[in-house]
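Asks: Quick paste from Swiss-Prot:
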{"type": "ACT_SITE", "residues": "D130", "note": "active site"}
{"type": "BINDING", "residues": "M75, C76, H77, M115, E116", "note": "substrate binding site"}
Amino acid sequence: MSQFSHYNEDGLPKMVDISSKSATSRTATAECRVRISPRLYEAIHEQSLKKGNPLPVAQVAGIMAAKKTAEWIPMCHPILIQGTDLSFKYEPVKDGYMLVIGATVTVDGNTGVEMEALTAVTAAALTFYDMCKAVDKSMVIEETLLVKKTGGKNGDFYHPRREKMD
């Protein structure tokens, strides 16, 4: 008999049956940070990148990835996402800038959207890197985390390293 939720009694992987869970309004917000050089920051703001503005492309990539999360993560349930929104902001840091990518995903369903939010910011960061690598291959994608989640049986979660967001 298996003691793990994602393995059957024969010890093989399985997708958990969520049909008995109640459908509730659920939201998840994730964040990913990309450290960039002053040179890249200037190129973006001067609109001199050969591939064009990386942010709209990264935004679309994040939305598309959120919708495809179940195809990327084996035990993730395919769900009908009701909304995905991404945000981008630059913060000055020592030796450059930090691009902070945020994603909020919403659903009325019987499973959460944490993985969808995390997948959205990760795909957006990878797309940003792809759009900008001709100028700066030394970018660092770092600190991907779940900022908050609301709804569901276990209630709300707020990452202890981020302020409570309302």
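The first residue you see is number 1, and the count goes up from there.
Here the Cβ of each residue, glycine as well, is placed from N, Cα and C on the backbone.
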Asks: Using Cα coordinates, what distance in whole Å links C76 (substrate binding site) and D130 (active site)?
Replies: 26
Asks: Greatest CA-CA distance (Å) over the residues M75, C76, H77, M115, E116 that the record ties to substrate?
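Replies: This binding site's residues have a maximal Cα-Cα distance of 13 Å.
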Asks: Just how many other Cβ atoms lie inside 10 Å of the Cβ on C76 (substrate binding site)?
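Replies: Result for C76 (substrate binding site): 17 neighbouring Cβ atoms inside 10 Å.
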Asks: Which residues, sitting 6 or more apart from E116 (substrate binding site) on the same chain, put a CB under 8 Å from its CB?
Replies: A28, A66, K67, T69, I79, I81, T84, V105, V107
Asks: For the C-alpha pair, I'd like the distance in angstrom between M115 (substrate binding site) and D130 (active site), rounded off.
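Replies: Counting only the Cα atoms, the answer is 22 Å.
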Asks: Compute the mean position of the Cβ atoms of M75, C76, H77, M115, E116, which form the recorded substrate site, and then list in sequence order the other residues of that chain whose Cβ is within 8 Å of it.
Replies: T69, A70, I73, P78, I79, T111
